[in-house]
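J.: Okay, here's the structure, questions in a sec.
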There are 2 protein chains.
Amino acid sequence: MLDELNILKQLLPSLPQAEDVVAGPGDDCAAVACGGRRILLAAADQLVGGVHYYRETTSPEAAGRKLMCRNLSDIAAMGGVPKWALLCVAAGGRSPEWVLAFCRGAAEAGKRFGVSVIGGDLASLPAEGEVASLTILGEADAAAFTLRSGAKPGDLLYVTGEIGNSLASGHHLDFEPRLAEGRFLAENGFASAMLDISDGLLLDAERLAKASRLRLCIDPAAVPLRAGAERESALSDGEDYELLFTVPPGREEELKQVWKLTKLTRIGVAEPGEPDVCDCSGRSLLRNGKCGYEH
Amino acid sequence: MLDELNILKQLLPSLPQAEDVVAGPGDDCAAVACGGRRILLAAADQLVGGVHYYRETTSPEAAGRKLMCRNLSDIAAMGGVPKWALLCVAAGGRSPEWVLAFCRGAAEAGKRFGVSVIGGDLASLPAEGEVASLTILGEADAAAFTLRSGAKPGDLLYVTGEIGNSLASGHHLDFEPRLAEGRFLAENGFASAMLDISDGLLLDAERLAKASRLRLCIDPAAVPLRAGAERESALSDGEDYELLFTVPPGREEELKQVWKLTKLTRIGVAEPGEPDVCDCSGRSLLRNGKCGYEH
């Protein structure tokens, strides 16, 4: 297995970023200035057959849809509007019909949110298997998009929807990217920091804590669970594709009053301190057996 | 082997394009309006280990560089300026050092042309092998970028550099994307249509002929050859990454006078007629044994 985090740690410092790059690698999307008051958002993600879906039992439409929706979730996490996508598929031992259905699954999922698939590439693999990648492009107002780094001590930690049991429930193949939610939060300034939960609530909370340089205290009992989820594993399972964000305390009441979208739950608070994710008694949840993110 | 052209023929009509898409799939890059007088260009391409480079003998740096430069060549073909890239690598049975060197090779090649690698993804493959994909983003003036479809009967067909023997000479791993050339041609209105030669001069000429709905007459003897190239195979070998473009006849003299960049050769002319690529006597070069594009 590639140790992605370790490779990135070595790679990122050697990637020069031009002045027009507002946010480089490390957030849900990169953000670049492309003239005017709009910011261009861009993210790329991969889907590997046998890793991100079962090669034998997952339909190509569902796999393609998952790839698109994972990327849409990254746009949602920035509070952006998805616009365009480029789709690459490399496949070996699959029929043209399979590849076509995969691409259509991705395109259909994007179409629901106004995304045009404007380009891409198809290639043959010398061995059996599939690797697909998708780049999503979106836009946001330069004054109203959300990074992971903006949380302040005292901000309240919220999560959309429910957490856990994504694999067994099939949620990981059929989730709703929280685009309306992300955009509403960003455009109205409710979210001081935001990301989407793809690798597990605790791991993604740690990313927010590190980027914002503070400690997040989470009440595990407050985390809303998907049907069938167990509380401990739910915090680290991943593939939830919900939004995790912080709200300045002065905005909480107003948010509650005007919010008309999906379920919203307060699960913790940001505190000053070394980046960490703790329970209410201040005990770290990150390296705590089943509550950890080794999976 | 996937029949890419056949799959695309079925897929493309089912890809809806929003109104802000100036040029959708089918050209070297897609072009979208993103506010103001600038056009955003986007293209994605893949590089498969064992298909686009030798897994045993090609260095990871050279493979990464090739991936970046193939994409830069697509920006060149639109007359654009490359700006940002997103890089995905899926690898099995490779060391972290190999992956790191691949990424650095791509990033270094981009840096020479002002490209920031702003995002991407790394993934493990369950089997041995590598698939990498890169999305390149660039900009062009809305009034000065070049599609494949703008050639008119009477326009003169030109090619940059030399053609053929790309594989044996190593050119395919170490070529110069014709960015300065493409931009100069587009910004000064010298090129009525343009693309880059990736799949063979004849096949790419046919694409230009089809997009512009005319016949291209090429003098095979006029095609400038790379050292070691044989004339017949050179026309269909591919991986030349040179620009093929048409010049309105009234602009030819001025172009010759002001051109200070790489070698430029006139190899043919556009004529009215069904889309085809012919020799000077009007005989099609496309389905003519070794001169064809079956490779």
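Cβ atoms here come from the backbone N, Cα and C positions, even for glycine.
Those TrEMBL annotations? Automatic predictions, nothing curated.
TrEMBL lists these features:
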{"type": "DOMAIN", "residues": "A:26-139", "note": "domain 'PurM-like N-terminal'"}
{"type": "BINDING", "residues": "A:Asp28, A:Asp74, A:Asp196", "note": "Mg(2+) 3 binding site"}
{"type": "BINDING", "residues": "A:Asp28, A:Asp74", "note": "Mg(2+) 4 binding site"}
{"type": "BINDING", "residues": "A:Asp45, A:Asp121", "note": "Mg(2+) 1 binding site"}
{"type": "BINDING", "residues": "A:Asp45, A:Asp74", "note": "Mg(2+) 2 binding site"}
{"type": "BINDING", "residues": "A:His52, A:Glu239", "note": "substrate binding site"}
{"type": "BINDING", "residues": "A:Gly120, A:Asp121, A:Arg148, A:Ser198", "note": "ATP binding site"}
{"type": "BINDING", "residues": "A:Asp199", "note": "Mg(2+) 5 binding site"}
J.: Select from the binding-site residues A:Asp28, A:Asp45, A:Gly120, A:Asp121, A:Ser198, A:Asp199: which have any Cβ-Cβ contact with chain B shorter than 8 Å?
T.: A:Asp45, A:Gly120, A:Asp121
J.: Quick one: average pLDDT across the domain 'PurM-like N-terminal' (A:26-139), no decimals.
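T.: For the domain 'PurM-like N-terminal' (A:26-139), the model's average pLDDT rounds to 94.
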J.: Anything within 10 Å of A:Asp28 (Mg(2+) 3 binding site)? Look among the binding-site residues A:His52, A:Gly120, A:Asp121, A:Arg148, comparing CA atoms, and list what you find.
T.: A:Arg148
J.: Sorted by position, what residues of the same chain at least six away from A:Gly120 (ATP binding site) have a C-beta under 8 A from it?
T.: A:Leu86, A:Leu87, A:Cys88, A:Val89, A:Cys103
J.: Can you tell which of the binding-site residues A:Asp45, A:Asp121, A:Glu239 lies nearest to A:Asp196 (Mg(2+) 3 binding site) in space, using Cα positions?
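T.: Closest by Cα: A:Glu239.
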J.: Taking the binding-site residues one at a time (A:His52, A:Arg148), which has its Cβ surrounded by the most other Cβ atoms within 10 Å?
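T.: Ranked by Cβ atoms within 10 Å, first place goes to A:Arg148.
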J.: Which whole number of Å gives the largest C-alpha distance between any two of A:Gly120, A:Asp121, A:Arg148, A:Ser198, the residues noted as binding ATP?
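T.: About 32 Å separates the two most distant Cα atoms.
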J.: Of A:Asp45, A:Asp74, A:Arg148, A:Glu239, which binding-site residues are close to A:Asp199 (Mg(2+) 5 binding site), meaning a Cα within 10 Å of its Cα?
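T.: A:Glu239, listed in sequence order.
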